[in-house]
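Let me begin by presenting the structure, written as structure tokens, before commenting on it.
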Amino acid sequence: MEKLDRYLQENFDVPAKNPSEEAQRRWRQAVGTIVKNRRRRFRWVPDLERRSLDKAKVRSTQEKIRVALYVQQAALIFSDGAKKKEYKLTGDIIKAGYAINPDELALITSKHNSKALKMHGGVDGISIKVRSSFDHGIYASELDTRQNIYGVNRYAEKPSRSFWMFVWDALQDMTLIILMVCALLSVAVGLATEGTKVQDGSAKMIVTAVGMRTEWGKLMSTLSEGGEDETPLQVKLNGVATIIGKIGLVFAILTFLVLLVRFLIDKGMTVGLLKWYSTDALTIVNYFATAVTIIVVAVPEGLPLAVTLSLAFAMKKLMNDKALVRHLSACETMGSAGTICTDKTGTLTTNHMVVDKIWISEVSKSVTSNTISGELNSVVSSSTLSLLLQGIFENTSAEVVKEKDGKQTVLGTPTERAILEFGLGLKGDHDAEYRACTKVKVEPFNSVKKKMAVLISLPNGTSRWFCKGASEIILQMCDMMVDGDGNAIPLSEAQRKNILDTINSFASDALRTLCLAYKEVDDDIDDNADSPTSGFTLIAIFGIKDPVRPGVKDAVKTCMSAGITVRMVTGDNINTAKAIAKECGILTEDGVAIEGPEFHSKSPEEMRDLIPNIQVMARSLPLDKHTLVTNLRGMFDEVVSVTGDGTNDAPALHEADIGLAMGIAGTEVAKESADVIVLDDNFTTIINVARWGRAVYINIQKFVQFQLTVNVVALVINFVSACIIGSAPLTAVQLLWVNMIMDTLGALALATEPPNDEMMKRPPVRKGESFITKVMWRNIMGQSLYQLFVLGALMFGGERLLNIKGADSKSIINTLIFNSFVFCQVFNEINSREMQKINVFRGIISNWIFIAVIAATVAFQVVIIEFLGTFASTVPLNWQHWLLSVGLGSISLIVGVILKCIPVGSGETSATPNGYRPLANGPDDI
């Protein structure tokens, strides 16, 4: 207690209480009744002096750490300064008149080195050192010199892979490894056999690095090599190939075991199992080679080749049709698309807009290039016309460029270009107006506000706002209008109603309407303030026409017959959108046209009932398009294709199954988010993508049908022959030739079939439907049974039926079986061109690849039979046997006709919307 009293008195000037002994006795007695152990009664009293010392030590330690960090930071700065690289100016740079090294210039950007930028005089200093101008840019005569010094704006390409690298990759296949092992075995027995995205706004910039000196170039140089991801169809076919391969493996093992057991039984019954000769080992090796060959034939390694070949062929053809496919999977997915959500401007229309009508001073006029100037002068005063031209020339994002020959070219968006061209047609002097006024503030067009504005300073010292945008929005901001004499008069309700009727009349004529208004403001207005939202005076209403592209109506009709629903999503007035949709054939009598705000306010339950009937969405925001796409995919399990051209369309393009960006009007952000780029911005091109997507899917089905038929016949005939006769009629070389026909040549012939109009008269393939349909199974089983019957008859009764006798009768029969088997595949390949149509020769003349493959197959078959007897285990055939082989093969065509007359279920469980025509069950009319 004395220590505590002393501490309080020294540090806090608290005097000691100095209680009397009687008071202390009473205190101890009272406390003693609670705490029995009087020696521990103050054990929890804190030692404040020791706590203060501990805190002082902590503060001292923290201060030492802080000082150490400062010292370390200073040392790092000093060390970095000591190691700083000095960039010297080379002789070429000095000779060209530049004052900064290209590496140092690029380093300023990559390191965000503001000190280095200030050291060079900021942006203006950099501009001087690289001899560039913010007004004129650079001179064309200096381009070669600048490229030699500062580099070319290209990225270093990865070196191409050599042919031998592709060979090495191919040699990793397990089948080829097995074949190489067999080749080594054959030798033992004497036989030989490959950046930053600007979303919006405008600015002047100076280029500081190009090519590989940019950050994107450095990133590109670090990218590792990687292959293309497998498409969904390839993944599905890989599963089919795995199953078929396992079945082939089982047949190969069974065939080898049957042949081996029969050989051992025959050997044991003749010379005994203890006596072995070299010929016995050769026989077992031949059995093993036959089994391996069965595996090779059974494994459908041609499936991935067929998919890749078909997609690559489609991509090349689509490139000729002005469609750039960025992702392989998009081509096949487009074939299953059930909905296309398309923009209006530039896709359904020509995107070359012109002012077709104008309303000014309560007068509407149709615009013709020759008479409009005189007609407006007759109805409005010169001051009104001057105000109109000032609003057109000042409030625009387009610009007038004079060519070398003196002609004027207007650059900008289609809408801005149309209005500016209209102003020039009124004999307005754009350059004089541009020089007379000073722009104080510019608000670019915004898709949310749907307007653009500019604040200008007039020559008399006053300021004026010009605002232009969607007619409904601008009209709400106006409480006055300009009369014929150029005076601002109050806008009455009757006049406002007449103006709304004019806007609706323009929109009903498929015109896009825009309003132009102005407002006088004080000179002391804040430059950073946003444009006003009221108090404007209406000047004019423009009716802008964007003609529908030729062929769009027929393309929409094709979509409807193909079971594809076309929905137009646009930011235009609903009346304009409905007029264009009706002209294109999109909006039907039972279809729904809705505005974006109304759609966005619907609940999920209301959307579920509404979305199937929506054909037009007007005044929509990018978010509305994204919501529509999300619900179509989520609620209705639709395969959705979406078109877009703006940066704000990127989310919808990414969300859709197939994103289609416009190649001309589309931004780089939209193109990066898309799967396909429509190079000509034409809706008809989109239909071509869908047509080729369906062709890819159907072509792969044709190839799988053809390949499975060959697999079934080859496996069964060899297995049955091994069990009954003890030998396989088709040797290893013969099976390898059949495998080549089936995989490589078959894929080349069937996977390159061009699309036809019939493909767009059936509904798209829905998600979850089986790849191998009932129609395919009908054709596979029917052709397989016929071929097995023919080959079985030749194998077991050929010598008797054909009266073939002599020592080489067995060789002739085996050669005849092989030849008939090959010609069955040749004619079945022709039969596979159509899975349901009877006329399989339709369009065959125009497909030169198919004809070349068939001709090459027949030519090689003749060479194998007649000239490669020892190698292929065949003997030459006479002309009667050749006719027999070709005749037996050609009967496959007749069998195909009979099979196509057998009706099967379509296998479709999903209901088809109105206008869909289901796949036919029987043959179509020829």
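Including glycine, each Cβ sits where the backbone N, Cα and C put it.
Just so you know, TrEMBL annotations never went through curation; they're auto-generated.
Going by TrEMBL, these are the annotated features:
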DOMAIN    96-191  domain 'Cation-transporting P-type ATPase N-terminal'
TRANSMEM  174-192  transmembrane segment
TRANSMEM  243-265  transmembrane segment
TRANSMEM  285-314  transmembrane segment
TRANSMEM  708-730  transmembrane segment
TRANSMEM  736-754  transmembrane segment
TRANSMEM  775-797  transmembrane segment
TRANSMEM  809-827  transmembrane segment
TRANSMEM  848-873  transmembrane segment
TRANSMEM  879-899  transmembrane segment
Check: Where else in the chain does the transmembrane segment (708-730) make close Cβ contacts, counting only residues six or more beyond its ends and a cut-off under 8 Å?
Finding: 244, 247-248, 251, 254-255, 258-259, 262-263, 266, 290, 294, 297-298, 300, 738, 741-742, 772, 779-780, 783-784, 787-788, 791-792, 795-796, 814, 817-818, 821, 824-825, 828
Note to self: I'd like the per-state residue tally for the domain 'Cation-transporting P-type ATPase N-terminal' (96-191) from DSSP, helix first, then strand, then coil.
What the structure shows: 58 helix, 2 strand, 36 coil
Item checked: Close approaches to the transmembrane segment (848-873) from elsewhere in its chain (Cβ under 8 angstroms; 6 or more beyond its ends) -> 731, 733-734, 737, 741, 745-746, 748-750, 752-753, 811, 814-815, 818-819, 822-823, 826, 829-830, 833
Margin query: Same chain only, please: residues at least 6 beyond the ends of the transmembrane segment (736-754) with a C-beta under 8 Å from a C-beta of the stretch. Say none if there are none.
Written below: 293, 296-297, 300-302, 305-307, 309-310, 313, 317, 695, 698-700, 702-703, 706-707, 710-711, 714, 730, 821-822, 825-826, 829, 832-833, 843, 846-847, 849-850, 853-854, 856-857, 860, 864, 872
Next item on the list: Please indicate, using numbers and ranges, the residues of the same chain that are 6 or more beyond the transmembrane segment (243-265) and have a C-beta under 8 Å from a C-beta there.
Entry: 273, 280, 283-284, 287-288, 290-292, 294-295, 297-300, 708, 711, 715, 718-719, 722-723, 726-728
